[in-house]
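Per TrEMBL, the features are:
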DOMAIN    6-82  domain 'Peptidase S54 rhomboid'
TRANSMEM  32-52  transmembrane segment
Amino acid sequence: MRRGAMSLGASGAILAVVAALCVQYPDAQLSIIFLPFFTFSAAAALKGVLLFDATGVLLRWRFLDHAAHLGGTLFGVGYVLYGQEVWKHREPILKTWHQLREGWSGRR
């Protein structure tokens with residue numbers, strides 16, 4: 001097992017945006033740029049990406065960064081489903097964070 005392996009690129013962030021769009025518009029028809037005659041729904045694309053990257057993580061495929069892809073995809077889904085609720089409750093969390101940070105800086 002490799003330790004400290006680095007990830008390069010923005011594919012996880014791109015998949016977060018793609019996943020968010022797939023959750024918001026599950027019936028949208030998508031296609032692969034080189035195979036325009038082959039279309040599929042956004043919901044099917046999301047399931048396929050999750051299955052492919054989960055398989056890649058479990059089988060330790062190393063050609064792509066499946067963990068970053070899976071993390072980005074799950075973040076995009078979570079943001080669409082729960083992001084507004086989390087945003088509503090940000091002030092108490094930030095207040096606590098600032099109090100902790102001020103307490104730590106006063107100890108130096």
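Using N, Cα and C of the backbone, Cβ positions are placed for all residues, glycine too.
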For the domain 'Peptidase S54 rhomboid' (6-82), residues assigned helix / strand / coil by DSSP:
48 helix, 11 strand, 18 coil
Mean pLDDT, the domain 'Peptidase S54 rhomboid' (6-82)?
93
